[in-house]
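**Student:** Handing you this structure, nothing more for now.
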Amino acid sequence: MTQPIARSIPLQVVSGDTAAPAPLQTGVKQIGGDKINRSPVQFVDAPVLRKPSWIRVRIPSGNAVQNLKAKLRENRLVTVCEEASCPNIHECFSHGTATFMILGEVCTRRCSFCDVAHGRPKPPDASEPASLAATVADMGLKYVVVTSVDRDDLRDGGAQHFVDCISAIRTSSPNTRIEILTPDFRGKGRMDRALEILALSPPDVFNHNIETVPDLYPNVRPGADYQWSLTLLQRFKAQHPSIATKSGIMLGLGETMEQVQATLRDLRAHDVDMITIGQYLQPTPHHHPVMRYWTPEEYKALEDYGNALGFSHVASGPMVRSSYHADRQAAGAGVAA
């Protein structure tokens, strides 16, 4: 089942300024080509790789998925499962679980791997924390994951809105465990402000994804910084030693085993407790191409490597995502639901 690295794929990185993208309008989503055309990089001449047998998504029957979608729309809530085109959406929705995305559906970043829309976001919805808390209570969730788009337009990066959501959930569902998956709060003074605000009502698990190895950041995460993300994770852990920290990395963007192992060592050196490792899947032809499909044996090797480094929980597999079975991941790390 081994698969060689596709070293011959002719990946070319070119300026994203060759085509005039649609103008930004507040609250209007730019997706696919419109989004990536605004990116500092575009990818051309990379052939589409055939998905191997181990990349399979189970689509369950029944009305659970549609019922949950109706409940979300009724409460004007958004899930990252839908906005980011997660391959596990049918499985999670059929079990009544979802990762809620706050602060709107429009991101200020243009990461080449992500299917969330880019644009000029609207101001935060002041009613969202109450709506989210009501939905969590109505669904009877014992564990909830709350994430957001990047909000570089906000002075605190959206930290206060996270706290408002955490507080609202704790009020209506005091026994529910809360994991937040945050942006990097990058910008002058923004990390300081965000950490100060998050300390007012911290979550049970703090998650921020490193996403890829440092050498690939310019192409994969333009606008982000590898060391900044590591520092955010370490500083939160230093302020809250008893709260589990978590991060995630995608494979298949052109990284090597040695680079992935080095990134895992960096995460442990910055006091990250939990790690998720999964296969990158290209959401549209405009996005970063899949350079290689890593094998199940390689994921198992990385799981063993992560355990040897001392992570409290390692979730490593082709279909693993940051919030996929997050409750089980947290339980494996000692966070009781």
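Including glycine, each Cβ sits where the backbone N, Cα and C put it.
What Swiss-Prot shows for this protein is this:
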- C81, C86, C92, S323: [4Fe-4S] cluster 1 binding site (BINDING)
- C107, C111, C114: [4Fe-4S] cluster 2 binding site (BINDING)
- 93-312: domain 'Radical SAM core' (DOMAIN)
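Where in this structure would I find these features, and how exposed are they?
**Tutor:** Secondary structure at S323 ([4Fe-4S] cluster 1 binding site), as computed by DSSP, is coil.
In sequence order, E211, V220, R221, P222, G223, A224 make up the list of same-chain residues 6 or more apart from C111 ([4Fe-4S] cluster 2 binding site) whose Cβ falls under 8 Å from its Cβ.
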**Student:** Between S323 ([4Fe-4S] cluster 1 binding site) and C114 ([4Fe-4S] cluster 2 binding site), what is the CA-CA distance rounded to a whole number of Å?
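**Tutor:** Given the Cα positions, S323 ([4Fe-4S] cluster 1 binding site) is 15 Å from C114 ([4Fe-4S] cluster 2 binding site).
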**Student:** Is it possible to get the count of other C-beta atoms within 10 angstroms of the C-beta of C107 ([4Fe-4S] cluster 2 binding site)?
**Tutor:** 25
